[in-house]
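Chemist: Reproduced below are the annotations present in TrEMBL:
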- 8-135: domain 'MARVEL' (DOMAIN)
- 143-279: domain 'MARVEL' (DOMAIN)
- 15-34: transmembrane segment (TRANSMEM)
- 41-62: transmembrane segment (TRANSMEM)
- 82-103: transmembrane segment (TRANSMEM)
- 110-129: transmembrane segment (TRANSMEM)
- 149-167: transmembrane segment (TRANSMEM)
- 179-202: transmembrane segment (TRANSMEM)
- 214-232: transmembrane segment (TRANSMEM)
- 253-275: transmembrane segment (TRANSMEM)
Amino acid sequence: MASVDLKSVTQPVGIIRMIATILACICFSLVASAGHVASSYWAWCMFSWCFCCFFTLLIVILEFTTVNTKMPFAWEDFTAAHAILASLLCLSTSIIYPAFFTCGTCNRQIGATVVSWVCLALYVGEVVLTRLRLRSTGQTNGFLSTLPGIMKILETFIACIIFMSMETPQYSGSPPMQWCVAVFSLCFVFAIILVLLSLAQLTSFIPFSFDKLTIVYNILATVMYMTAMVLWPLYSFSIRQNNSQLVRNHDKLVVVTVMAVFNFIVYTLDTMYAIRLVFCISNDVYSSFIFKNTSVWNIHSSTRSKSTLSKIHCPPATKFRPS
């Protein structure tokens, strides 16, 4: 039977989560009351605020009822990843919404923008407090709380921005552009799979090294994003000149290009760090482990030799008596 944990809502992290839930709900309500806009960017902002509000409220309820202790995954890792993702979502909405949907006399839109920035500050504060708490308690971070995990979250987030900025006329009838869409989609799907496997702690059931699998995936994704980074602006610019609809959506083409470059950089850094972590640091740790154990064995052998020699009793020397 679930019990109630009042400490979860009276600690600084719990208070921040409750305030962030209320502010995300206020953002959603203000924008919804201002009227619907037929735009993928508007839908993204509404989704981001709904996502932050719902999952933050869910985390507060689960921790308050102590149901989180019965979850089949690493709860601390999940909450840390959620805080990072919510920070990225609020950052994107705080930039996108005022850039496309706010004017000087739009009071509700301006209010939603201000509240969104405050919500971003709260989620960043949660990230900082969570990491400080883990350091002070000496707890081991999960995958999503480490640098490779944060990079995976960032890769999937940037891919979502790319999907939001793409439209069917941009790539229909163009094989190079369709290849770019395939690159974005495949890398996004495999990154989500790796994140879910790590979060559910299922990596031990894989019959081969999960770290090396991640390195192979990162290398392939980096090469694929390199091709998309070149092909997308090259062919989208040539197609845009002959398509009046794409001329009006020039900003979205630029956003896809810039985000593809950013994701290529993130995948490159992720690959370099993973290779260093697996092949360099692991070898150094193994070498130090071997050296340490070898030294201990030598000391132990030397001690045993001395103790053995001390146990050998030689007969006392007899004095020579001349006849």
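In case you wondered, yes, glycine gets a Cβ from its N, Cα and C as well.
What TrEMBL says about a protein is an automatic prediction, not a curated fact.
Mind running through what each feature is packed against?
Modeler: Restricting the average to the domain 'MARVEL' (143-279) gives a pLDDT of 86.
Same-chain residues lying 6+ beyond the ends of the transmembrane segment (41-62) with a Cβ under 8 Å from its Cβ atoms: 8-9, 14, 17-18, 20-21, 24-25, 27-28, 31-32, 68, 71, 79, 82, 86, 89-90, 92-93, 96-97, 100-101, 116, 119, 123, 160, 164.
Note on the transmembrane segment (110-129): residues 12-13, 16-17, 19-20, 23-24, 26-27, 30-31, 34, 49, 52, 80, 83-84, 86-87, 90-91, 93-94, 97-98, 102 of its chain, located 6 or more positions outside it, place their CB under 8 angstroms from a CB of the stretch.
If one looks beyond the transmembrane segment (214-232) by at least 6 residues along the same chain, the residues whose Cβ comes under 8 Å of a Cβ in the stretch are 148, 155, 176-177, 179-180, 183-184, 186-187, 190-191, 194, 256-257, 260-261, 263-264, 267-268, 270-271, 274-275, 278.
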Chemist: Pairs 6 or more apart in sequence, C-beta under 8 angstroms, 3 or more of them: is that satisfied by the transmembrane segment (253-275) and the transmembrane segment (149-167)?
Modeler: yes
Chemist: Please report, as numbers and ranges, the same-chain residues at least 6 past the borders of the transmembrane segment (149-167) whose CB is under 8 Å from any CB of it.
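Modeler: Distal contacts: 40-41, 43-44, 77, 81, 84-85, 88-89, 92, 142-143, 181, 184, 187-188, 191-192, 194-195, 198, 221, 249, 252-253, 255-256, 259-260, 262-263, 266-267, 269-270, 273.
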